[in-house]
């Protein structure tokens, strides 16, 4: 919704208490202001200097004596804000207006109205701005760029919060050895170790396997497929676990340590064979 307020030619007071809220909404929202008064439409800088006159008490008046319409027009476009209003019917601008090259400059030099409290100044240096008026259409519509201090601050992106590491519950437990699993399918495959069941048969050599993944790896020995090559040498392997073991020969990593003599090994099978020497 837009608020359009026009200047009156009958010297109507724009700053009575009934119009205070719509006026402040218009200031903060940067709505369009239509100046129907010929003294406040400001078609050019030359005519503006002729149309505006500053009286001795600081109130700017037009040539026809309409002070409130012109004062309201420049309060709206000058970026002025109210801090203390003791009188809504009598308000003095108390500032000088200068027009240079189409730019309206407001300089804080005159005195404020006597009804304004001394300990709360109506204007400060931060309120005095210089606003460049763009080309004014024939209808008298004025435009003003938003004051930088009134623009909404940019919201900083929220930091990405990674979920906390949680231990996966393992509700499926083997009744033979007590080993627990997170999925029932893993427990079923594990039970075949105890029962010796091997339902997966190789169609080439009829070799049975307890898990389907073991059958897939075995069939690569017949096809010659080796999808896991080593980046350090020219060797390739049929499964990823064999490649991991091979890479330790290049890096020298030996994660398996004997608890008796502290001897290290690259593979767990080598550690098991070594432990038999201590018995």
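Cβ coordinates are placed from backbone N, Cα and C, and glycine is handled just like the others.
Restricting the average to the zinc finger (172-194) gives a pLDDT of 93. If you look up Swiss-Prot, you'll see 172-194 (among others) marked as zinc finger, on the strength of sequence analysis.
What Swiss-Prot records for 200-222 (among others) is zinc finger, and it gives sequence analysis as the kind of evidence. Only residues 6 or more beyond the boundaries of the zinc finger (200-222), in the same chain, are considered here, and those with a CB under 8 A from a CB of the stretch are 189, 192-193, 238-239.
The annotation zinc finger is assigned in Swiss-Prot to 228-250 (among others). Each residue of the zinc finger (228-250) gets a DSSP state, and the totals for helix, strand and coil are 11 helix, 4 strand, 8 coil.
Swiss-Prot lists 256-278 (among others) with the feature zinc finger, giving sequence analysis as the kind of evidence.
Using a Cβ-Cβ cut-off under 8 Å and counting only residues 6 or more beyond its ends in the same chain, the zinc finger (228-250) has close neighbours at 217, 220-221, 266-267.
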